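What follows is a single structure, and I will ask about it in a moment.
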Amino acid sequence: MTILKRHLAALAFGAILAAAGQANAAEPVKLGVINPIKTLVGKQNLEGAQLAAEMINQDGGILGGRKIELVTYDTNFSPPEGVAALQRLLTQDRVKVVAGEISSSVALAAIPVIEGEDAIFMAAVPKHPDVTKSGYDKIFRMNTTTAQDAQSFDTFLLETVKPAKVAILAENSDFGQVTINQMKKLFGDKLVYSDTFGMQQNDFAAMSTNARSSGADTICIVGSNMEQYGNILRSLSDLGFNGNRCLMPGVLNSQGVQIAGAAAEKAFSADIYVPSIDNAFNKRFVAAFEKKFGRKPEKIEVLGFESIWIAAKAMDKAGTADDTTKIAKVIHEGKWETPRGEVTFDKNGQASSGELIRLVVKSGEIVVNR
Amino acid sequence: MLELLLQQAVNGLTQGMAYALVALGLTMIFGVLHIINFSHGELYMLGGLMAVVATTMLGLPYGLALVLAVVAVVAIAALVDLVAVRPVLPTKDGPSTVLLSTFAVSLLLHQSVLSTWGPNPSRVEGLAGSLSLGPIVITNHRLLVLVSGVVILLAIEYVLRRTLVGRRIRAVAQSEFAAQVVGIDVARIRTLTFLGAAAIAAIAGALIAPVSLFTPSMGQHAIITAFVVVVIGGMGNATGAVVCGLLLGLLEALASAFMPQDMGTAVIYALLLIFLLIRPQGLFAGRAR
């Protein structure tokens with residue numbers, strides 16, 4: 001009788017342990033996402049992150065079957081709101097990895113908070129060089145920096161486009177100012193006109209008139225906001241400008257082309273991604289994205305996708321969802337297959353995937369410029 | 001150089017008329033109801049949205065889109081008047097409270113559009129083609145904005161000067177008490193003015209969307225410049241709003257030929273400060289109605 005009781009107790013104990021084990025396996029891994037989700041770019045970036053979580057879950061999850069769950073907060077392009085969102089994610093929601101974001105200002109404000117909680121930040125879009133210069137080894141950036149873009153695009157401008165006179169219209173931001181300085185060094189006296197526009201400006205007739213009157217045969221636009229560069233292209237077209245129009249790398253997307261309409265024809269740029277990249281992973285990604293959101297993905301969506309995809313795959317490979325030191329080490333050392341190809345990270349956490357792809361607008365579509 | 005200045009003058013006049021069209025409704029409401037309607041920018045945005053819906057989703061011609069924009073926005077404005085202006089205005093500190101209630105309405109309208117339509121900008125096809133006068137180019141749609149502004153101003157002048165309703169509106173603007181004494185239904189005149197201003201905001205939104213795109217935040221950007229125009233032109237003065245709108249547009253465009261664009265904008269806000277200090281009643285205060 002006593003032996004039977006002992007056996008029953010052992011069975012019950014085993015059942016409880018097994019149930020607890022199953023509960024742990026079923027418990028989802030929470031990943032934080034911050035983004036200005038009320039804006040178009042923020043929404044695009046979030047959609048990429050959502051698809052990554054969905055594809056990982058469809059493939060059986062990570063760490064022996066645990067699903068990915070995204071916890072999302074709006075940063076509204078505001079550093080204080082971004083910091084508040086991070087604090088909620090790290091202290092209340094207990095996430096160890098935060099991904100996403102568009103704004104460099106928000107990302108820079110986020111870094112001390114991330115470091116204070118020993119968390120990992122997978123910054124998707126912010127371009128400011130300082131994002132990966134904090135010295136904290138758990139910050140990673142998916143997007144290219146302006147310097148990386150310049151290395152590739154400057155050669156193309158100088159050796160292939162060969163402009164006689166250049167004008168530059170730039171947004172009044174770090175991105176705009178850094179690019180104007182870089183173009184001054186690159187073109188010297190050939191840069192005949194440059195001006196900046198406010199981030200809220202929506203009429204560019206005056207600025208476009210000045211650029212046209214400068215005699216430039218190539219007008220380069222530095223604007224991350226598609227409404228603004230789309231409107232500039234329209235203004236240049238309205239004024240009858242028919243020289244070269246270039247958009248600095250990383251900003252041209254299909255919605256901008258749609259806004260500009262026929263005025264975008266033959267405008268050229270360069271970027272790290274186009275949906276037509278010919279690899280199996282990209283084909284699967286594009287098909288899944290089109291099915292879920294009814295349109296083709298672009299660079300911003302891919303960066304959102306990568307920020308979650310790489311973090312989750314690294315957790316799986318490291319065998320932990322909590323040990324951020326192990327996960328960061330795996331990210332640093334790994335080669336990651338993503339829709340744009342193979343992505344690696346340098347010691348500062350900066351992603352790289354080789355040369356930029358040259359792009360041009362033809363018949364309302366962004367295609368590879370051969 | 002002359003060619004550049006002439007082109008910038010044309011650019012400035014069309015941009016200025018866009019400012020003036022938004023400021024017109026705002027100044028009318030201030031002139032008659034003596035309130036600042038913070039939701040005016042969002043009514044302007046809804047005019048743009050209706051133009052998008054009518055032309056791209058319903059496939060209507062642009063002219064019909066203008067009519068639809070006016071009808072829809074006036075209906076929404078009637079609701080705003082009913083819940084946020086009429087019940088609040090007669091209370092103690094009514095005009096100050098209306099400022100807050102219309103601010104609440106503006107946030108409500110903006111967030112409603114953001115959460116249903118989304119933040120995406122949309123292009124509206126207006127009048128196609130452009131007109132070239134030697135080296136000077138103006139698109140047909142910008143010309144339409146310019147002509148519409150003049151027509152609307154003349155129509156307002158005619159209604160105010162030559163019609164019974166206009167005389168009643170002027171009477172209420174001068175003294176509500178005296179207007180009541182002579183049997184004018186002040187509440188009705190206030191509502192009519194509010195709806196008239198909303199109609200102008202709707203036309204402005206639908207006219208400007210093809211020039212600078214529709215975005216849910218277009219109202220928030222426009223209302224700031226409209227306030228500058230209204231203050232410099234003299235609060236409550238329709239002619240002042242149009243003249244100052246045009247002057248502001250011209251100044252911005254011509255200044256951009258000599259200084260960075262952002263500096264031009266700084267000059268405008270400096271002007272606002274100067275006017276508030278030396279002539280707070282505005283340029284056209286002597287003719288205020």
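The backbone N, Cα and C atoms fix where each Cβ goes, glycine too.
Here the structure is a predicted model, which means the values were calculated and not measured.
So TrEMBL lists the following for this protein:
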TRANSMEM  B:16-36  transmembrane segment
TRANSMEM  B:66-85  transmembrane segment
TRANSMEM  B:138-160  transmembrane segment
TRANSMEM  B:192-211  transmembrane segment
TRANSMEM  B:223-251  transmembrane segment
TRANSMEM  B:263-282  transmembrane segment
Mind pulling out the one from B:16-36, B:192-211, B:263-282 with the most Cβ pairs under 8 angstroms to the transmembrane segment (B:223-251)?
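By Cβ pairs under 8 Å, B:16-36 leads among B:16-36, B:192-211, B:263-282.
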Thinking of Cβ pairs under 8 Å, which stretch from B:16-36, B:138-160, B:192-211, B:263-282 has the most of them with the transmembrane segment (B:66-85)?
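By the under-8 Å Cβ criterion, the transmembrane segment (B:66-85) pairs most with B:192-211.
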Compare B:16-36, B:138-160, B:263-282 by their Cβ pairs under 8 Å to the transmembrane segment (B:192-211) and return the stretch that comes out on top.
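So the stretch in question is B:16-36.
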